[in-house]
Amino acid sequence: MGIQLTNTMTRRKEPFHTLEPGKVKMYVCGPTVYNYIHIGNARPAIVFDTLRRYLKYRGYEVTFVQNITDVDDKLIRVANQEGVTVKEVADRYTDAYNADLKSLNVSPPDIQPRVMQTIPEIIEFVQGLIEKGFAYESEGDVYFRTGRFQEYGKLSHQPLDDLQAGARVEINEKKEHPLDFVLWKAAKTGEVTWDSPWGEGRPGWHIECSAMALKFLGEEIDIHAGGTDLVFPHHENEIAQSECFTGKVFARYWLHNGMLNIDNEKMSKSLGNFLLARDLSEKFGGQLIRFFMLQGHYRNPINFSEELIEQAANGLDRITTAYTNLSHRLDTARAEEPNDQAQEQARIIGELRERFIAEMDDDINTANAITVIFDVVKEANLYLRHQNVGETEVRAYMDLLVELTEVLGLDIAEEQELLDSEIDALIEERTEARKARNFARSDEIRDLLAAKGIVLEDTPQGVRWRRK
């Protein structure tokens, strides 16, 4: 059936068809770099990086663009408070953002444009809208004529009359209509500005993404994505600007991830539950944070708590332990000619891969895909119970675990110190091997643990262990 994605525009799950066969043009709204990102900001980075990875896994050539908003009211305020330039603030937090994403194993975008580097294109875009009658200048500001775009509200599914009624609460004498939004802001004291046909000023927020998407991906793109908080007004305004400027459909698929709560409450500084992504990565490890995020469907809200993180850690531990156990058995697995057992394992492995693909094809359902990975672990563990295992089959399970977890951006093959739970699992396996009089396997586990610096002591009360 192929990949299907839930399109916010239609509110339906739709078959995924690209503008150009085999190629995907994808734009994801990036951060405003005035501070370190919080854990909620990390969610779209992780889920849409996973989408990108899966599209590549399925054979697509993906061009992934994520912008950096490096000029904004908040940036200007921080720069003025610190007595530095806006660029200095932006550079500092852009570097921090990229470092945070690296710790979460989020691949860098193919293109990471910045607003300050796109000013000429933004001015050209605004001028084009004015010339087409979709925008107007008012005392140095430039506004978009929302009423000229009859489809305004089609992404957020809000009737234009309702939007207009709500906008009347805010009175701005510069606007022709309360719902009109700013494309270019006239200069104010203490702000960074650029020269334009309308005088000194700087861009409005919404026009920036439209201009950067046009510059680096063209008039039409396949996927535009971001958090649900961006549906209105940001993405709604992007559509209005872009489609009025080009006369073409801006994006085929609009994807939005659900929000993240902390202990079932909205994250806010006033509640004292404002958690930075870097702090959590340092405390729990970026791989665990990523795994936790992917345990829920990307479109649904997700709740963060230390209890849930601990549960996620247990799940991730099951996967890494299975891979470790497989790698340990590889040394003693025997090379053999194909037989009925080998054919059965090949069939099981093939079916598991197909199930994983089916779940990911279904609107990138990482939650169900992880369930399939747990089934891989289960089948691998069942196979390892055999006294004699084949090298081909052990390696096939290892390769499958790496293949599927890499799609999710997890690195289970990285050499790591044995976790306590992994040591306990190996000791339990050794005990079972001794009960079954499989002394070769028992000695193999002891030697393996010794190589990892783990000393075993057999006592009347059971096996004790310690690190050298």
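Even glycines carry a Cβ here, placed using N, Cα and C.
When the ranges 31-41, 174-184, 273-283 are checked against Swiss-Prot, the one recorded as motif ''HIGH' region' is 31-41. Looking at 21-25, 106-110, 266-270, 351-355, the stretch flagged in Swiss-Prot as motif ''KMSKS' region' turns out to be 266-270.
Mapped onto three states, the DSSP output places C29 (Zn(2+) binding site) in coil.
For the motif ''KMSKS' region' (266-270), the mean pLDDT of the prediction comes to 71. One residue stands out among the binding-site residues C29, C209 for having the most other Cβ atoms within 10 Å of its Cβ: C209. Long-range C-beta contacts of E238 (Zn(2+) binding site), restricted to its own chain and to partners at least six residues apart, with a cutoff below 8 Å, comprise H206, C209, S210, A213, H224, F250. Over all protein chains present, the Cβ of H234 (Zn(2+) binding site) has 17 other Cβ atoms lying within 10 Å. For the Zn(2+) site, the Cβ centre of C29, C209, H234, E238 serves as reference, and the other residues of the chain with Cβ at most 8 Å from it are W205, H206, E208, S210, H224, G226, L230, H235, N237.
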